[in-house]
Amino acid sequence: METWQEVAVHVHRDAQEAVSHVLIETGSQGVAIADSADYIGQKDRFGELYPDVEQSDMIAITAYYPSSTNLADVIATINEQLAELASFGLQVGQVTVDSQELAEEDWADNWKKYYEPARITHDLTIVPSWTDYDASAGEKVIKLDPGMAFGTGTHPTTKMSLFALEQVLRGGETVIDVGTGSGVLSIASSLLGAKTIYAYDLDDVAVRVAQENIDLNQGTDNIHVAAGDLLKGVSQEADVIVANILADILVLLTDDAYRLVKKEGYLILSGIISEKLDMVLEAAFSAGFFLETHMVQGEWNALVFKKTDDISGVIGG
């Protein structure tokens, strides 16, 4: 019987997506994320509130490696990468790393216990792919397989991106999703009525995972996934461009975004920690955008900019 090695990394919630990516890059075959915020005030599939859930800023990200993996080398690499993330200003908290060995059948089912359907916005609910879920009238369901990396749609940066998409999409738009990760924002855009979505990611794993998640959802053949370095080489104009990535990378795409966003179109930027907010604002303003909406959850910020000559309805207009 094949065995697997489990590594649990305990970090601050703000580092969820970055650390998940690190674990996949070190060879993990999947990750599971245990976050108390996903359970407080939520009901399980039987309609019962989760009992005795204590709020914490720390989460556990569990990764699974084949038995042939040299775990000592992996853990050393993880610690190096986490230290580098902290040096970039990302809050990782007091990191601890644990490991154990699992049988094949334990690995196959162990991580699924962490995930339940989650209502993210007024219209959008994210549902694990293996769960039978009866949607209510008007509810739009995004099916995701969170067995791979890039989060499950419950991180504050993703939630705010989804809120922003609900705010700006009215139907028939062209959307560009930069750094698509799991593909959740592209799937949401399709469900919210966008006509065509182009999803780009520099990471080949993300491109594959996004396509797999898109294939789980009906009516999403209007999403086109491809490898791409931000907006370099992209000529397709869009009504909406959305990017949920680190602030240091967001500032690199604002000029290209202004070139591609149609007049009266929108640029949605998320993944911005508060200490880097001014840097992102300055880059977007310099490119020519006007700020329409600023959302905040904890230390995270999301911004909705508009490309317009009519500044009467925008912040600072």
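Yeah, the Cβs are placed from backbone N, Cα and C, and that goes for glycine too.
Annotation source Swiss-Prot lists S-adenosyl-L-methionine binding site at Thr158, Gly179, Asp201, Asn244, citing sequence analysis. In this view, Gly179 (S-adenosyl-L-methionine binding site) is surrounded by 23 other Cβ atoms within 10 Å of its Cβ, with every protein chain counted. DSSP gives Gly179 (S-adenosyl-L-methionine binding site) a coil state; it is part of no helix or strand.
Binding-site extent for S-adenosyl-L-methionine: residues Thr158, Gly179, Asp201, Asn244, maximum pairwise Cα distance 16 Å (rounded to the nearest whole number). Cβ neighbours of Asp201 (S-adenosyl-L-methionine binding site) (same chain, under 8 Å, six or more residues apart in sequence): Gly179, Thr180, Gly181, Val207, Ala210, Val225, Ala227, Gly228. Here Asn244 (S-adenosyl-L-methionine binding site) comes close to Thr157, Thr158, Ser161, Gly179, Gly181, Leu185, Ser270, Gly271, Ala302: these same-chain residues lie at least six apart in sequence, with C-beta atoms under 8 angstroms from its C-beta. A simple way to gauge crowding: the CB of Thr158 (S-adenosyl-L-methionine binding site) has 27 other CB atoms within 10 angstroms, across all the protein chains here.
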